[in-house]
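Okay, so here's the structure we're looking at.
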Amino acid sequence: MVNVLTPERAERAHGPRPARPVVAARDRTRRRQTVVAYLFLAPTLLFFAVFLVLPLGFALLLSLSHWSGFALGDIRPVGLDNFTGLFADGSTFLAPVLTNTLLFALGTVALALAGSLTVATCIDNLRFQGLWRTLYFLPIVTTVVAVGNVWKYMYEPGGLVNGALNALGLDSVAFLQDPDTALPSVVVVQAWASVGTAILVLTAGLKSIPESYYEAAALDGAGPVTVFRRITLPLLRPSLLLVCVTQIVTGLQSFALIVVMTRGGPGDATDVAALEMYRQAFSYGDWGTASAAAFVLFAVVLAVTLLQLWIFRRGGEDA
Amino acid sequence: MTPPHRTGDPGPGRPTDRQSPWQGRGLGRRHFALALPSALLVSGCAAPYRGSGRPGDPIVLTLLSHYASGELKQALQGPVDEWNATHDRVKVRTKAVEFTDLLTTFMVRQAAGQGADIIHPYCLWNGQLVRAGVLRPAPSGHAVEIGRGYGRAAVDAASVGGRVYGYPTEVQTYALYYNKRLLRAAGLGSPPRTWRELEEAAYRTARRDRYGNTLVQGFGLSTYDDSTTVGQTLALLGAAGGSFVSADGRSTAIDSPAGRAVFELEHRLVVRGASTPGINVYKAFQSGQAAMVISAGWWTASLRAEMGRDYREVGVAPVPVPRAGDRPGTLSTGFMLGVNTASEHPREAWEFLRWLNAEKVGVRTARQGAVATRMSSLQVSVGSLTGRADDMGTLLGAGGDPNLRPFREALAYAVPEPNVPGAQQAKSLLRQNIEALWTGQRSVDEALRAVRRQVDQEVSRSW
């Protein structure tokens with residue numbers, strides 16, 4: 001049997017060696033590097049702490065308290081009262097506020113997705129694709145206030161849309177004044193305003209589909225509908241998922257367009273969660289209810305997003 | 001000579017390579033020495049200047065109002081400049097934001113410890129502000145002076161739970177604006193005095209084209225905003241002898257015969273085509289597309305400026321009452337100037353408010369020897385009113401716009417807008433239900449029931 005000295009034993013056999021100071025120096029260097037790394041990270045961490053963690057913690061505290069918004073010393077814990085109040089009998093939060101919010105978001109996604117998919121497919125087969133994409137992207141660079149006001153005038157009884165209806169011999173429609181048409185009318189505007197981004201994403205997705213699939217389909221004699229259903233749609237799924245998730249999150253948080261066009265009216269026909277939160281906090285001085293509503297909306301956004309991911313993953317696409 | 005840091009000698013007070021940046025004692029002290037004054041400087045810049053605080057040095061009071069632009073801003077700045085020119089010890093600095101941002105600004109500044117010494121709230125918010133501990137009750141001397149100098153509606157609007165919290169400034173009463181030309185064209189020689197006459201005039205003046213587009217609204221009901229929608233309804237409710245909230249402020253009183261009569265009247269006007277609530281009534285009336293509108297006195301100045309020569313076709317009459325011979329009634333809304341509980345100089349702030357709102361001075365435009373308060377002169381100069389009947393008599397007595405007279409007379413009988421805690425939310429809930437009634441979402445019974453349930457739940461909350 002041959003005795004072999006392990007490195008550790010060998011070290012011990014050879015007496016004291018400068019290994020420990022080297023390790024210590026290495027540790028010091030590592031510590032110093034860590035400190036420097038944290039120093040570099042500090043501004044970002046501070047930013048997140050001040051603008052994300054702190055407000056989130058404060059909102060959580062407020063959701064479990066009553067606060068009128070004036071003096072920090074007046075925050076009074078009330079447990080889960082704000083949450084139970086939102087769903088209590090007679091509360092308007094569940095219906096119509098949350099219902100309107102979901103209808104608004106789903107309607108926007110459905111319209112924007114259908115519209116953008118159609119337009120993106122058309123653009124993909126046209127010349128001057130950059131020009132078309134730019135044209136459809138223009139609403140994105142226009143402020144919501146301008147978009148809302150222009151559409152509001154178009155919907156007016158003497159406006160462009162009713163003018164067109166009258167020219168066709170049809171009676172005017174009180175688009176924003178009738179509770180039955182107010183929400184769909186605003187959904188159309190939100191979809192129109194967000195279709196540009198969706199077109200950009202989808203045209204990029206269309207470009208990434210290899211041409212060889214289409215050539216193979218053509219050789220097999222597949223028609224355009226079959227090609228679209230069997231090749232384009234399945235391979236576009238990641239882009240569609242992105243569009244769906246971003247559009248629905250935007251729709252669930254929508255505020256500015258509703259304020260400009262209807263202020264939640266007529267009655268409460270277009271009242272949505274973000275508007276209700278704003279009113280509870282800044283108009284009624286009930287920051288507890290507003291914060292609780294914000295967390296409920298967060299839970300809804302999370303649930304809807306997870307549901308979308310699950311549906312798309314079930315279809316075979318690992319998003 | 002080579003600079004020390006080039007030779008590896010870090011120099012006095014600088015850390016060596018082996019030292020962590022945190023270990024240098026001199027550096028820490030120096031950083032601290034730099035950071036402390038910087039922090040003080042930054043906090044000093046952020047905080048409003050309220051004077052040095054040394055005995056004898058001027059005290060600077062801040063006044064936050066919504067007189068942010070145009071003639072309102074100038075009108076307030078005039079007396080403030082006069083005060084600053086004649087008072088060495090206490091100076092006043094005005095800050096202004098748009099009305100839509102006023103309550104939010106109160107909140108944010110108060111929470112940040114930067115509340116203004118003197119605030120100028122809409123009286124609807126008084127209950128909310130008192131509940132939050134923002135408004136300081138008027139000292140007894142001032143409270144007595146306010147109770148004596150102003151009309152009942154103005155004093156009630158500036159009070160919460162029977163305690164006075166400030167000097168009422170502008171008071172808006174509601175009356176019926178009518179277009180003389182449109183009424184004449186419909187064969188009507190005078191404005192309606194009863195609801196029956198109002199309905200008849202509304203149906204006779206209303207016109208639509210063959211596609212259903214409104215050409216002329218007979219009676220302009222509007223969903224323009226909370227104040228417009230609710231103001232019109234509460235003015236009619238006041239004329240019918242009803243009220244929105246009970247005397248103790250703990251429940252709604254709109255589910256009454258008077259409330260039902262108002263809802264039924266409005267419902268009839270909409271259903272029979274005399275009113276189109278979706279139209280912006282302010283624009284429609286100016287352009288001759290609305291024959292009658294109930295609105296507040298501030299509108300006269302806007303109409304005069306916007307309509308030019310056509311303004312002579314505008315008349316104003318008291319809000320029609322249900323039956324001939326009924327006592328007149330309407331709604332009043334208003335603002336007041338109060339002192340913040342966080343103010344370090346409340347005595348000086350109240351003194352300034354007394355000087356502005358209660359001290360009488362000569363009026364140049366009125367007859368020889370006529371006097372009025374600075375605030376009354378200020379309000380009348382911008383086409384508004386205060387709750388001081390004597391000042392209004394002096395300032396509007398001779399000449400002036402005759403259309404302001406019904407608003408001035410209404411000061412004697414108008415009912416103030418409720419200002420209980422939760423009044424803002426109660427008002428929004430009422431608006432939503434009025435709109436639901438107008439648009440056919442709810443019947444009169446359903447709307448009244450919904451208002452009662454929702455508003456009762458809100459105003460009876462234990463804060």
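Note: Cβ is positioned from N, Cα and C throughout, glycine not excepted.
Per TrEMBL, domain 'ABC transmembrane type-1' is recorded for A:98-308.
Residues or ranges marked as region 'Disordered' by TrEMBL: A:1-24.
The transmembrane segment feature in TrEMBL is assigned to A:35-62 (among others). Remote same-chain partners of the transmembrane segment (A:35-62), defined as residues 6 or more beyond its termini with a Cβ less than 8 Å from a stretch Cβ, comprise 75, 287-288, 290-291, 294-295.
The transmembrane segment annotation in TrEMBL covers A:102-123 (among others). With a threshold of 8 Å between CB atoms, the same-chain residues lying at least 6 positions outside the transmembrane segment (A:102-123) that come near it are 129, 132-133, 136, 183-184, 186-188, 190-192, 194-195, 198-199, 202-203, 205-206, 228, 232, 236, 240, 243-244, 247-248, 250-252, 254, 258, 270, 272, 300, 304.
Among the features that TrEMBL reports, transmembrane segment is placed at A:135-155 (among others). Sequence-distant contacts of the transmembrane segment (A:135-155), counting only residues of its own chain at least 6 positions beyond either end whose CB sits under 8 Å from a CB of the stretch, comprise 119, 123, 161-162, 175-176, 185, 189, 192-197, 199-200, 256-257, 259-261.
What TrEMBL records for A:182-206 (among others) is transmembrane segment. Below 8 angstroms of C-beta separation, residues 100, 103-104, 107-108, 111-113, 115-117, 119-121, 123-124, 129, 133, 136-140, 142, 144, 147-148, 151, 155, 175-176, 232, 235-236, 238-240, 242-243, 246-247, 250-251, 254, 257-258, 261-262, 265-266, 269-270 of the same chain, each at least six residues beyond the ends of the transmembrane segment (A:182-206), sit close to that stretch.
Below 8 angstroms of C-beta separation, residues 101-102, 104-109, 112-113, 116-117, 144-145, 147-149, 151-152, 176, 185-186, 189-190, 193-194, 197-198, 201-202, 204-205, 233, 270, 272-275, 278, 297, 300-301, 304-305, 308-309, 312, 317, 319 of the same chain, each at least six residues beyond the ends of the transmembrane segment (A:239-261), sit close to that stretch. As annotated by TrEMBL, transmembrane segment applies to A:239-261 (among others).
Here the transmembrane segment (A:292-312) has long-range neighbours at 59-60, 63, 82-83, 85-86, 93, 98, 101-102, 105, 237, 240-241, 244-245, 248-249, 252-253, 273-274, 276-277, 280, 319, meaning same-chain residues at least 6 beyond its ends whose C-beta is under 8 angstroms from one of its own. Sequence annotations record features per position, and here TrEMBL assigns transmembrane segment to A:292-312 (among others).
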